[in-house]
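Visitor: So Swiss-Prot has the following annotated:
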- 171-190: compositional bias 'Basic and acidic residues' (COMPBIAS)
- 258-429: disulfide bond (DISULFID)
- 73: N-linked glycosylation site (CARBOHYD)
- 120: N-linked glycosylation site (CARBOHYD)
- 208: N-linked glycosylation site (CARBOHYD)
- 216: N-linked glycosylation site (CARBOHYD)
- 332: N-linked glycosylation site (CARBOHYD)
- 437: N-linked glycosylation site (CARBOHYD)
- 670: N-linked glycosylation site (CARBOHYD)
- 784: N-linked glycosylation site (CARBOHYD)
- 1-18: signal peptide (SIGNAL)
């Protein structure tokens, strides 16, 4: 090409396989000669309009073949968007020395024209590239046409056109975290390295997994090669357009989000790109590269200096972290602090479990906030911990070339739990909009794994009856997250919840970690159908009963004990040897329809049960309120209520009400009781007597109708007999409340044994969940909408008859019978005689 022409060719690189070649950075000295000309490349300095190239007319018989393809729809409006790439074409920009007065020509050449063409004999022969001993770079920034005087104005970053992704460079250049890696501790000061496979340990193919492998998942190792994604070439594009594309060897990614937030993490060899965006806060981006790499910021085309490096903390022994975001100390100090902490996470551990344990603790340790509102700082921290967990999991699996089965199932299960908690509890998302996509497994291998696990789900529930086996089956269904898996385990999960309720009524405390874990996954299985759309009638009925049982399991004593258990568990957790797994501390309150656990009465009850501690009282009270708020946010599913308790959200014409439900009791398949602090305009309403006037309580029986009227609660003394006959209470709900307006228990009378337990009252030495030493009022809520104030059960004695009296009575009956027989005989004899005489 002659000296009078300048040619700029851009080749966009996508995902490709193979490890034989990679990107290498080459500097054209011509670029440097023209740096001073960049400031002159504005076509119209008055309006700041970007320079636009000319394109051939597709109808031109000579040059139409070089016109932009029709699918790009390039116009003067779309050309500045830089969407020039078409998969079937290469584009070439030809300009002259008169640039920018001559805007140049943007030409498109089909790739098919370039394939298989013979070499031009007039061109000098290129030397063959010999083999190189240098391994391919893990991370290479593709600066492309940076500071090219012929293209920098055209390819000017949108970050300099519309916004700057790092407005406060000094604010985003902060010191390294306290737990970050050092030369002495290159994997983090508090790192607990994940175990590797012992020498000689076999690697099991996923197609051969059995129930025995599931029971011994902690010593069952799978081959990473073939199960994980094979590293492939990939170009990471920063959404902020503040840095140039980065070439990496991708190993997968993790994404989760909802209607109010989105998190995307891209993993690679020595690389992680994390983007966090929310509806209620500006976006943030974290980029992790090897310690010896730098990422240049896309500079102003008129700047003659070399581009600046992206902000972030100083490099560590293994990685360097760059930060892009808008928060500044002046306007959002908490968000900036959260971003600083997120930037330190990738260097603090190589063990995925440590990150997940810390994420659970972050969720429970956050200040209560206000209801279900979004809290960006908490969401950023949870997203950073979850993304760093995936980064550590993938890196450890590739380093060991093996994956422990328990780690694989644990990572997938806890990722789903944490994504849901972060989305609903921190981002304010609608529950039915939450999604999670973990793409670190090879797609074909994942299908084989899911098929095998789906087979084992049905087998383990069919062949084994232990609680451990059933909890494992429910966890597998939760990991698979498919309608088929949920349908296979849902009947078993419903029976398990009923069985645990029977044990609870018998006085057993459901506090063992295995019981809590089984209850966690069982309730998750029953709630799952509402995420897939409208549940069937069977699914709705099963879920309604499950919600009713978990609400019954959540008494005031259970709620207070849950606070104490969570505080104690968090206090002894160091996230190294002692990890915190939330399913092992699960409370039925978190899956119930009780939304009153953050009220003052429950907080005082929880503090009363607190053991002696050096923690200041105000700090303990704040922690308790935080845990109570978490339980409420965890359980508060507006979408779930609409799906399974639609009568509670039924819309009627006329004035609406803002009464927030405190407790929901789905007592039949189409009717529910709701407890509120203000009366509702529809349904059968009852005002509870003897309650503090500052916190009144109302109970309303709701159906799908819009009529409403009030009734009085009638006090009654019920009668029980000593022959244990049916009392007509099966299906009713026993509700106990205090004068302070605290509902202590909402217990379902589900069987004859339960109604007999209620009627008989407390027995010495045997716990009875229906009784209470606290001054309170007991109500019975019946399925037909009737509510009575239960005063007591009166015993109706059975009359005692002496044996002698029975013998005399029998003799009297015999004598009377004989007399009647004699009289009848006389009548039969006399009547014919008198008839003949007449």
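Easy rule for this one: first residue shown is 1, then count along the chain.
Just so it is clear, glycine is given a Cβ too, placed from its N, Cα and C backbone atoms.
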Visitor: At a C-beta cut-off of under 8 Å, are there same-chain residues at least 6 beyond the compositional bias 'Basic and acidic residues' (171-190) that contact it? List them, or none.
Guide: 311-314, 316-319, 323-325, 327-329, 336, 339-341, 343-344, 347-350, 354, 575-576
Visitor: Could you check the glycosylation sites 332, 437 and say which one's CB has the fewest neighbouring CB atoms inside 10 Å?
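Guide: Result for the glycosylation sites 332, 437: minimum number of other Cβ atoms within 10 Å at 437.
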Visitor: Any idea what the Cα distance is from residue 784 (N-linked glycosylation site) over to residue 670 (N-linked glycosylation site), rounded to a whole Å?
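Guide: Approximately 11 Å lies between the Cα of residue 784 (N-linked glycosylation site) and that of residue 670 (N-linked glycosylation site).
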Visitor: Of all the recorded positions given, namely 332, 429, 670, which is spatially nearest to residue 437 (N-linked glycosylation site) at the Cα level?
Guide: 429
Visitor: Round to a whole number and give the Cα-to-Cα distance in Å for the pair residue 258 (disulfide bond) and residue 208 (N-linked glycosylation site).
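Guide: Between the alpha carbons of residue 258 (disulfide bond) and residue 208 (N-linked glycosylation site) there are 36 Å.
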Visitor: Please report how many Å separate the Cα atom of residue 73 (N-linked glycosylation site) from that of residue 216 (N-linked glycosylation site), as a whole number.
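Guide: Counting only the Cα atoms, the answer is 58 Å.
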Visitor: Where the distance is taken from Cα to Cα, which of the recorded positions 208, 332, 429 turns out closest to residue 120 (N-linked glycosylation site)?
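Guide: For residue 120 (N-linked glycosylation site), the closest Cα among 208, 332, 429 is found at 208.
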Visitor: Of all the glycosylation sites given, 73, 120, 784, which has the fewest Cβ neighbours within 10 Å once its own Cβ is left out?
Guide: 120
Visitor: For the glycosylation sites 208, 216, 670, work out the Cβ neighbour count at 10 Å and name the residue with the minimum.
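Guide: Counting other Cβ atoms within 10 Å of each of the glycosylation sites 208, 216, 670 gives the minimum at 208.
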Visitor: Identify, in sequence order, the residues in the chain of residue 429 (disulfide bond) that are 6 or more apart from it along the sequence and have a CB within less than 8 Å of its CB; answer 'none' if there are none.
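Guide: Residue 429 (disulfide bond) has long-range Cβ partners 257, 258, 259, 260, 261, 423.
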Visitor: Give me the CA-CA distance between residue 670 (N-linked glycosylation site) and residue 216 (N-linked glycosylation site), in Å, as a whole number.
Guide: 44
Visitor: If you draw a 10 Å sphere around the Cβ of residue 258 (disulfide bond), how many other Cβ atoms fall inside it, taking every protein chain shown into account?
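Guide: Residue 258 (disulfide bond) is surrounded by 22 other Cβ atoms within 10 Å.
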Visitor: What are the helix, strand and coil residue counts for the compositional bias 'Basic and acidic residues' (171-190) according to DSSP?
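Guide: Its residues divide into 2 helix, 0 strand, 18 coil.
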Visitor: Distance check, please: Cα of residue 208 (N-linked glycosylation site) against Cα of residue 332 (N-linked glycosylation site), rounded to an integer number of angstrom.
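Guide: Answer for this pair: 53 Å between alpha carbons.
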Visitor: How far is it from residue 332 (N-linked glycosylation site) to residue 216 (N-linked glycosylation site), counting Cα to Cα, in Å?
Guide: 48
